[in-house]
Structure formats: C-alpha cells, structure tokens
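Notes to accompany the following structure.
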Amino acid sequence: MSSQRNLESAGAADERAPLLAHADAPDYTSVPREGDDEPQVPDEEVSRTWQYVWRGLLALAATLIIVVFVKAWIDADDVDFDLKGALKRALGGGLSGAAAMILQVLLLMPIRTIMNYQYRHGTSTTTATKTLYRDGGIGRYYQGMGAALFQGPIARFGDTAANAGILALLQSNGFLKQLPSPIQTIFASACAAAFRMLLTPIDTLKTTLQAQGPSGWRILRNRIKTDGIGSLWWGAFATAAATFVGHYPWFAVYNLLSETITEPPKEQIGWWLLRAAFIGFCASVTSDTISNSLRVVKTYRQVNDTRISYTEAARKVIRQDGRLGLFGRGLKTRIIANGLQGILFSILWKLFLKIWEERTG
C-alpha cells in the first residue's frame with residue numbers, strides 16, 4: 001500500500017510540474033532581414049541633437065546682435081556715462097520701491113499665501129482659502145511673514161533700482177538714449193533677474209512656509225541634510241527667468257504708458273494718482289499673464305519635499321490639471337494680488353520717489 005501511495009504522489013507531482021520542464025531549449029537562430037545592418041538611432045539622441053542645434057543657432061543669433069550693437073555704439077563715438085547721476089537715481093528708486101513694498105507685504109500677505117498654495121497644490125481660490133484657514137486660522141495666511149519682510153523690499157529695491165538706474169545710465173549716453181523704451185528695459189530686466197537669483201534662499205523659505213505651512217521648516221531641514229545647502233537655490237534659474245519675463249513686460253508697459261499718457265500737474269493729486277494706478281494695473285495684468293507658467297513650475301520645484309527637475313514638475317502639474325493648469329493655476333488670484341500691488345506700488349513708489357527727489361534736489 002505504501003509503495004502504491006508513493007507512486008500516486010509521484011504521479012501527482014509530475015502532473016503539477018511544467019510540461020516543458022525537462023525538455024531541451026530549442027535553438028533559435030536569427031534570420032537576418034534587410035536593413036538590419038543599418039544602425040538604429042534612438043529618438044532621445046535625435047532630440048538631443050536638435051537641442052544642440054537650436055542652442056547653437058540661438059548663441060549665434062545672440063552673438064550677432066551683440067556685435068551689431070557694439071559696432072553701432074562705437075561708430076556713434078559716444079562712450080560717456082553719468083555714473084554719479086545714475087547711481088543717485090538708482091538709490092532713490094530702490095529705496096522708494098523698498099519702502100512701498102513693506103506696506104504691500106503687510107497688506108497683501110494673505111492673498112500671496114493663497115496664491116503660492118494654489119501654485120503647489122492646484123485648487124481654486126475659494127478652496128485654498130478655506131483649507132488654509134482650517135490649517136491654522138488667520139495666522140496661517142501669514143506663514144513666512146518674517147522672510148517676506150526681508151525678501152520683498154530687498155527684491156523690489158533691486159527691481160526699481162535696476163529700472164531707474166539703468167534707464168538713467170542709458171539716458172546719459174548720446175547713442176543709447178535713442179534706443180526705444182522696450183529695448184532699454186531689457187537691460188534693466190536682465191540686472192533685476194540676476195539680483196533675484198541671489199535672494200533665492202530667502203524666497204525659498206518664504207514660499208515653502210506659505211505653501212506647506214509649519215511643516216515647511218522640517219522639509220527644508222531634511223532637504224539640507226540630504227542634498228546640502230544648495231537645495232535652497234532650487235528654482236533659482238526659474239526665478240531669474242520668471243523675474244525677467246515678469247519684470248520686462250511690467251516695466252515695458254509701465255514705461256510705454258508713462259510716455260504715452262500725459263502726466264497731469266502734481267497739484268492735481270487725484271488725477272495724478274489715478275494715472276499712476278491705471279498704469280500700474282495694466283502693467284501687472286500683462287506681466288502676470290505672460291510669466292505665470294514659469295512661476296508655477298518654480299514654486300512646485302522650490303517647495304517640493306525631494307529633488308525634482310523643472311521638466312518633471314511641469315509634467316506633474318499637467319498630469320493633475322492639464323496644460324491649462326500649467327498656464328492658469330493661481331492666475332486669477334495672482335492678477336488680483338498683483339493688480340492691487342501694482343496700484344499700491346505705482347502710487348507709493350511715485351510718492352516716495354517724489355519726496356526723495358525734493359529732499360535731494
């Protein structure tokens with residue numbers, strides 16, 4: 001009986017075994033086909049080649065523009081600049097802008113927090129407002145206030161000093177002052193963008209606390225332990241790009257409208273302030289619409305728990321909200337915030353600048 005059971009169990013085991021377990025593996029020989037000898041170029045290599053081609057063409061175009069510009073400047077035989085006057089104008093514009101920004105931070109901090117929360121998490125303005133209030137009440141809207149009081153005025157000092165100083169510097173040269181206003185603004189925008197990169201760590205602290213709340217401190221500590229102090233500069237290039245793309249349209253529209261709309265006498269203070277407010281609002285709406293997608297990607301990368309590339313950040317936003325989310329996430333809130341800020345800034349900056357010019361002659 002025992003031998004019979006052994007035979008049955010052996011048979012059962014054989015039934016459960018794979019049918020081809022003991023079979024020899026067949027010998028497959030590849031049959032060459034026409035075209036197999038031709039090397040296959042991966043799509044990634046092709047796209048990378050095109051990237052290098054485009055970069056080379058852009059570098060060549062930039063070099064040609066610089067060469068033509070320098071040659072025209074030399075041919076004009078005017079290389080004199082009023083550096084003292086430009087620095088004085090830059091200091092006045094910068095201090096006026098910084099003073100105006102302190103008041104704006106105190107008044108507009110809640111709506112800025114809502115906006116940065118939307119940039120990271122992608123909800124509506126109403127939902128973001130309610131969520132933030134549930135997280136910590138009124139105080140939640142003021143997370144990052146300390147960093148904002150440093151970053152905002154200093155950044156605005158750089159923006160306005162660059163605009164006022166560079167324009168004054170260009171106006172002191174016979175050739176450069178003939179350039180159109182939008183072309184002159186490019187120089188100011190480039191200086192402002194470079195200055196903003198230096199302030200990225202302060203901006204990272206402020207934005208992370210706004211978007212992530214009190215846990216932002218833990219996120220930043222863990223990032224520094226894992227990726228070093230350089231992680232505080234995540235988003236620096238997007239910050240510079242967004243600053244240039246935002247600064248240039250703002251001041252291009254501002255300078256253009258300032259030249260186009262006749263300034264009323266300063267004795268008519270009501271019309272004078274209304275003109276300044278209108279110009280500031282138009283400049284803000286134009287700037288925000290153009291630069292919003294860069295700020296969405298910058299904020300996502302800047303406040304993320306772990307290292308993430310700009311491309312992956314953009315993909316995650318698109319995966320969550322679609323392409324419209326990349327360009328429109330938080331845009332309505334930003335237009336409201338920057339519209340109010342543009343009105344306040346134009347009025348306050350002009351008032352403080354007027355006081356500075358009267359005091360310094």
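The chain as shown is numbered from 1 upward.
Note that Cβ sites are derived from N, Cα and C of the backbone, with glycine treated the same way.
TrEMBL entries are annotated by machine, without manual review.
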*If you check TrEMBL, which stretch out of 271-291, 334-354 is marked transmembrane segment?*
271-291
*In TrEMBL, which of the ranges 1-20, 221-240, 301-320 has the region 'Disordered' annotation?*
1-20
*Within the repeat 'Solcar' (180-260), how many residues are helix, strand or coil going by DSSP?*
74 helix, 0 strand, 7 coil
